[in-house]
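To start, the structure under review is shown below, and the notes come after it.
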């Protein structure tokens, strides 16, 4: 994706171009005004001239500059930028594209670099704004690397393996970063982006979360109209709760919230969530028990994508039935369906239906994006679609959603189906997983770590191991534990528990949960893994 920051002195509009993982919020500092999305590889020079940008950010994606059909820019793009004094920053693939188009050389890396690693910056670089050399840990995710720079550019940082990871040509106002400064795991990434935007580009940081609230209230009211009704799919998670609160603020009692128990919820989830809705959020909610219809469709299904699509289709079926019941009660049919879809859901499900996005890879179809049937039967309302989890929490706080609810760990839309590897109906997997997860989360709370960890959960593995319990041989299930730290879910690191804590949790699980004799802990970051196992 690319960000165009307009030169218009008073408007400072941002135009976000592209469909990869860097988009208008990643730098956490805006230059104000409205933001729009487009795809730079399909934008004409006329389009760029019309925007009259001050800054263009070419960002990452899963492609190689040598692949046929990979994202690119026009032959006159860099000539235009140099002539007009437009500052260009290439990030990850964007840096490789910059090097490739300006006459440098990009090759497949001998050793690919993924995850957090140190880089070593040169002194007196304009981009880093430091007079001295520095060492900082950043987040890498690339298989190609620049081996020869275009004329006039110099390498201002290298990785531990010697790869070029930052370049600049201040005279031409062109810069490049091979790593991802926008993620929280790049320890000085935000400082670099702020320096780039505020000092090098002379931008202004006047964007606020209130802008999102005001804009979305207006858009929701315009889309739904003054008389139409909407159904909201409540899962009990932060996202759907904030989406429901936002839409309820916009249209009042014309919003009808439906909480679906599809048999894939955590231990006592329905009971706990409904109490929260009643005691704290005061949202009108009806409960639908769809566990039997959903689990019957999942019986025997082991392929993760198929599980997600079945769950997505069943969700829509439940809401269609709920809409019929509401129509009988009110005499009007709810034509809109509200979902708590977030930007990471869209990214990982790309290309989503109807988006025409060509240069993002499908990581997994989220039930509310790639898992939806084509014949939806509703018009979607997704007010959080361009936000990340940390922004959703800030928006919720702005609307008065209680901290105890906003601080809940994320829970996937498909529920425990993506935490049971294989058939969710076999081997009493769901009940076992619920008990294991309850022990794990309660232990984390007791240790005072719940708010420190971004997400923690258990996974039911489709394997058994030999053990000894009560002086007898057992052949029982293996479960995995995962706890990660993150801010937006796009990247994550595993949480380094003390060995004594893991020992205590393992003992509790094997002593209290029938059929489990082995516990393992996942120490993989994202990337290369995803947060969920499926």
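A Cβ is built for glycine as well, from the same backbone N, Cα and C atoms used for every other residue.
Automatic prediction, not curation, is the source of TrEMBL annotations.
Annotation source TrEMBL lists domain 'GMPS ATP-PPase' at 207-408.
The ATP binding site annotation in TrEMBL covers 235, 236, 237, 238, 239, 240, 241. Taking all protein chains in view, 23 other C-beta atoms sit within 10 angstroms of the C-beta of residue 240 (ATP binding site).
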Looking only at Cβ atoms, how many others are within 10 Å of the one on residue 241 (ATP binding site)? 28
Tell me the Cβ contacts of residue 236 (ATP binding site) under 8 Å, same chain only and six or more apart in sequence, or just say none. 259, 265, 269, 270, 272, 273, 276, 411
Quick note, residue 238 (ATP binding site): same-chain residues at least 6 apart with CB under 8 Å of its CB -> 340, 389, 392, 393, 396, 405, 406, 408, 410
Whole-number mean pLDDT, the domain 'GMPS ATP-PPase' (207-408), equals 86
For residue 239 (ATP binding site), the nonlocal same-chain Cβ neighbours (under 8 Å, six or more residues apart) come out as 340, 341, 342, 384, 389, 392, 410
